Amino acid sequence: MKKSRFATVIVAAAVVGAGFAGYGTAQFANPAYAEAVRLEAPVAAPGFADVVDAVSPAVVSVRVRSRIDNVSDRSPRGFDYRGSPFEDLPESHPFRRFFDREFGGREFGGRDFENRRFGERQPERPRRARPVSQGSGFFISGDGFIVTNNHVIENGEEFTVIMNDGTELDAELIGADPRTDLAVLKVDDDRDFTYVTFGDDNATRVGDWVVAVGNPFGLGGTVTAGIVSARGRDIGAGPYDDFLQIDAAVNRGNSGGPTFNLAGEVVGVNTAIFSPSGGNVGIAFAVPASVASDVVAELMEDGDVERGWLGVRIQPVTDEIAESLGLADASGAIVADPEEGAPADRAGIRAGDVITAVNGDAIDGPRDLSRAIAGFDPGTEVTITIQRNGDSRDLAVELGELPSLQSFADAGPGTTPDTVEPSSMDDLGLTVVPADDGEGVLITSVEPDSPAFQSGIRPGDIIREVNNQPVASAADIEQRVAEIAERGRAAALLRLEGEDASRFVAVPLPRG
């Protein structure tokens, strides 16, 4: 009986469950729900043989040699061998032959030898060119212009390109641009070279197939395939980072080689890999064709690249900085420090201004601003839109030329006057004294776990301004903070100077 009753319960539960299951199915079949994503599967995976056959003759290996001084010419020995056992070596001894060669065949113990020391410079011998690097490249024109990476040819004096059929040709350096890591070589030869062209990388989507061709580890022409993994990558290589990320196998020696789409167009120039081991892990970066095409055209024409220059040190507008300034959103680039006498300084741009547009085109962040300004020729007048003290205004700026080597004078921290008593600001967790130059206050200590400490403020920093207003004492800071709190803002914007130059930090205000 117990078994029969148990079976009855199970059957009843199954019937009830079936009823609920039917009810649930009817609900999920309701047309009000959106349909799941569904695509037609491709009939077959794409092949790359046609692309490879067409483009391979345009891809080359690049071998670079550098002049190296003789060790005897550059390494002072500074040791006098007179009276040493080497002086009595037999003529047949290899060390004797070595010293005779070093001293031009002079006799040991003779007058010439006595007046000669190893530290004296020997007659200059011809320097030999030795290989220092190798990479990849590709013909971008039928008359012999070749694109590669700057880091491949850097410090080189002799350049050789090896074509797909093994032909070796000498090349000369036309120009290089370290900021985008691109360079152009030229082969002088009467033949018409097979060449490729840049495509429109803006039409390249994440997930598109790409083919990388190059010279990994000096093996010669090697083909790998993959997809575009991401766009617009910033890898910290420079202010113009906008890399394509691909997962095609790229290794050492592929640098400077092309990444093709399936139409045989160059959509990127392979430049860097991410790898803990130094080998391929499926993360490679290529300079996009939209950047490379403009740079290469200038290098082919002039041998260098001229860029517009604004002359400001900038940083991102974080949510905290936007809140402290009363901005609608965290976009644009805040000016931490305009360089004295630079175009921005002459136009009236100040520290604390937020640049939001250039010629009416919105600026999302510092990288956008750097690329936008670099896209103009020196001497061009542009309109810079800024936010200052809650107001928007337009400033006309005539751009200068970006120097090849830009240097900034970093302001160092001040010193603490012995006669001044430090002032504590408990709400912010700071202890300060007036800076010895009379402009700002020097931070002498920061309370651990305080709002200031968590915002990255450290002893030795100098507070120059609070919400774009100059301060010279703890009382000035407290007054500015009180004014900010009365406006209902949650953070105060501090302009600091330290060993890393000028920067802005938003410090949360205490509640209550």
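The backbone N, Cα and C atoms fix where each Cβ goes, and this holds for glycine too.
A quick note: this is a predicted structure, and the numbers were derived from the prediction, not measured.
According to TrEMBL, the features are:
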type     : residues                               : note
COMPBIAS : 110-126                                : compositional bias 'Basic and acidic residues'
REGION   : 110-133                                : region 'Disordered'
ACT_SITE : His151                                 : active site, charge relay system
BINDING  : His151, Asp181, Gly253, Asn254, Ser255 : substrate binding site
ACT_SITE : Asp181                                 : active site, charge relay system
ACT_SITE : Ser255                                 : active site, charge relay system
DOMAIN   : 294-365                                : domain 'PDZ'
DOMAIN   : 417-499                                : domain 'PDZ'
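Of Gly253, Asn254, Ser255, all annotated as binding-site residues, the residue with the shortest Cα distance to His151 (active site, charge relay system) is Ser255. Non-local contacts of Asp181 (substrate binding site) by the CB criterion (under 8 A, 6+ apart in sequence, same chain) comprise Asn149, Asn150, His151, Ala237, Gly238, Thr271, Val287. Note: the domain 'PDZ' (417-499) comprises 17 helix, 29 strand, 37 coil (DSSP; helix = H, G, I, strand = E, B). Within the model, the domain 'PDZ' (417-499) shows a mean pLDDT value of 78, rounded to a whole number. The substrate site, placed at the center of the C-beta atoms of His151, Asp181, Gly253, Asn254, Ser255, has further neighbours from the same chain whose C-beta lies within 8 angstroms: Gly135, Ser136, Thr148, Asn149, Val152, Arg252, Gly256, Gly257, Asn270, Thr271, Ala272. Secondary structure counts, DSSP: the domain 'PDZ' (294-365) has 21 helix, 20 strand, 31 coil. Our reading of the substrate binding annotation (His151, Asp181, Gly253, Asn254, Ser255) yields a largest Cα to Cα distance of 15 angstrom.
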